[in-house]
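Chemist: Positions annotated as peptide binding site by Swiss-Prot: Gln139, Cys140, Gln141, Pro271, Tyr272, Gly273, Gly274, Met275, Glu276. Per Swiss-Prot, the feature Zn(2+) binding site maps to His300, His304, Glu323; the stated evidence is sequence analysis. The annotation active site, proton acceptor is assigned in Swiss-Prot to Glu301 on the grounds of sequence analysis. The active site, proton donor feature in Swiss-Prot is assigned to Tyr388.
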Amino acid sequence: MPTVVNPPRDPNTLSNYNNWVSTHITANFDILFDQRKLAGSVIHQFRSTTHGESNHIILDTNHLDIGSVKVNGQPSEWEYLPRLEPYGTPLKIKLDQGVKLNEMIEVDISVKTTEKCTALQWLTPAQTSNKKHPYMFSQCQAIHARSIFPCQDTPDVKCTLDFNITSPLPVIASGLPVRGSSEAPKSDGKTLYKFHQKVPIPSYLFALASGDISEAPIGPRSVVATSPDKLGECQWELEADTEKFINAIEKIVYPYVWGEYNVLILPPSFPYGGMENPIFTFATPSIISKDRENIDVIAHELAHSWSGNLVTNASWEHFWLNEGWTTYLERRIVAAVHGEPYRHFSAIIGWKALTDSVEHFGPEHDFTKLITNLKGMDPDDAFSSIPYEKGFNFLFHLENLVGKSKFDLFIPHYFNKYKGKSLDSYEFKSTILDFFKDDSEASTALNELDWDSWFYAPGLPPKPDFDTSLVDVVYDLAKKWLSLPNSSFKPQPEDIRGLTANQVVVFLEQILVSERQLTPELSKLMGEIYGLAASQNIEVANLYFQVGLQAGDASVLEPTADLLGKIGRMKFVRPLYRKLAKFDRKRAVETFEKHRDFYHPICRAMVEKDLFGKKDE
């Protein structure tokens, strides 16, 4: 009988994970701040998925320094296969013979990262908030784990993990801390930190951070971890809602399985929003707004504990199964805590992000499809709000199609069926069709649905009927401001009393995108009457400063320059520098030169491009 080899369904890995599956990884690493490297070993437990037909294991690697390889304790032959961009250099480990179906072997690889590692960021003390110690953190999604250690770097394989990490500074990892296991510091001032991840996770959720980190409780099963000088304000920001959010989603899906839900607030130079690493969400400090209004990021990352981390897209071509579901669940949490109109308000903001992304790529672009073709591509290149918002709109459409109460019964069924597994869009489709097969009304509606258009048509999907009650009031307020000075409108502090920070954000966005511009006097008046310049909420303050810069209002120059020295998230930094440069180029360049060492290298390079163009021009 001929051997049937199923080709792997993930095109972005070079591993032969169709022959072998890693079931457990022990990661032993020493964090070398002076060299900006990790050094140590990884031990994989591999299960054979063939009847002894494979006598070698191929793993993903990228810019790694491999020392030696042992199989079941014995030195093994290994070689690098030819490098293939953008996926790296496959590591081929030779076995003496094939292994029977479901039998295990142990592979121990000594490894050191290199300066070309794409997953690790090393911050100088100057880039942290109290500027005392260096800091490092990882970001493995989508295909960067392979630059830390050899692995099957695909979301289609999940394994349990043990972390044994040695560092001179406290360590966070994507496992439960083995409490009380930290040894006394060794003579070299380093401490061993241990973590265990009992729930199988894909490689992209492998996470490490180390720096001057302290913890404080924010709920019965949650802590926030951050720099000691920021601990109090982070605790206040998160302690009111974290457990409320967990309770809300547990009612929608089923109980939280990871033990603890913790949040690591990264240094202010962190250039991104957040990452759903299990047990410890990694988050931007810009969510700490002193008004508890920006923590929808936490609702999103928490929702990943079910969608993405427990039930996972089998490849990045089906990324909407992670992010569309997570955005859907995030908005269900918001509705449960704040009311249904807030879900629609969030979806309206999301629809704007979706139209922006479609405009960016072009309405016919492959990356605007729900299911993308990533053969030969780097999944990072396809990253946008499309899988989040087109995915959300698809699920919202399905909810409206079958009815909310019926869809609510499907949610826990789906998350139970694929718990601990990975799936693709076709399995999702067959699962929902099967679930409703005995309900003639829902079944007919689902079978008549144009699945192919939802899955494969580029561009925008049909726009749903959203409840616009929460945006109408701010659209109206923006119109009144834009009617000045030719109208009788007299702005009062009461205009925005009772509005959420996100409503104020939408109001300011309307002013920014309008053809009509405010005068410098009106911009200043807006800031004074509404207290916008003094807002601790960066989402609000940065947009108000953009409005002021666009209007030519000199009163925002000082606070803009001040903010640019405190936050490194590109979402805020890049537009502020662009607008500052248009108004006062000298001030923009001076501000950038003053703070350049504070910014993350990615952010620094992008702002340099924005301010000075390409270096060779």
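We number each residue from 1, going along the chain as drawn.
Here the Cβ of each residue, glycine as well, is placed from N, Cα and C on the backbone.
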Chemist: Which one of these binding-site residues has the most other Cβ atoms within 10 Å of its own Cβ: Gln139, Gln141?
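Modeler: Counting every other Cβ within 10 Å of each candidate, the maximum falls on Gln141.
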Chemist: Restricting to the same chain and to sequence separations of six or more, state which residues have a Cβ under 8 Å from that of Gly274 (peptide binding site).
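Modeler: Sequence-distant Cβ neighbours: Thr281, Phe282, Ala283, Thr284, Ile287, Val297, Ile298, His300, Glu301.
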Chemist: So if I draw a 10 Å sphere around the Cβ of Tyr388 (active site, proton donor), how many other Cβ atoms end up inside it?
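Modeler: Summing over all protein chains shown, Tyr388 (active site, proton donor) has 25 other Cβ atoms within 10 Å.
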Chemist: Near Glu276 (peptide binding site), which of the recorded positions His304, Glu323, Tyr388 can be found within 10 Å, Cα to Cα?
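Modeler: Those close enough are His304.
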Chemist: When you rank Gln139, Gln141, Tyr272, Tyr388 by Cα distance to Glu323 (Zn(2+) binding site), which of the recorded positions ends up on top as the closest?
Modeler: Tyr388
Chemist: Rounded to the nearest angstrom, how far is the Cα of Tyr272 (peptide binding site) from the Cα of His304 (Zn(2+) binding site)?
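Modeler: The Cα atom of His304 (Zn(2+) binding site) is 17 Å away from the Cα atom of Tyr272 (peptide binding site).
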Chemist: To see if you understand the setup: which same-chain residues, six or more apart in sequence, place their Cβ under 8 Å from that of Tyr272 (peptide binding site)?
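Modeler: Expected: Gln139, Thr284, Arg569, Met570.
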Chemist: Sorry to bug you, but what's the C-alpha spacing from Gln141 (peptide binding site) to the residue listed as 'active site, proton donor', rounded to the closest Å?
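Modeler: Given the Cα positions, the residue listed as 'active site, proton donor' is 15 Å from Gln141 (peptide binding site).
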Chemist: Going by DSSP, is the residue listed as 'active site, proton acceptor' part of a helix, a strand, or coil?
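Modeler: The residue listed as 'active site, proton acceptor' sits in a helix per DSSP.
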Chemist: Which is it, of Glu301, Glu323: the one of these recorded positions whose Cβ has the most other Cβ atoms within 10 Å?
Modeler: Glu301
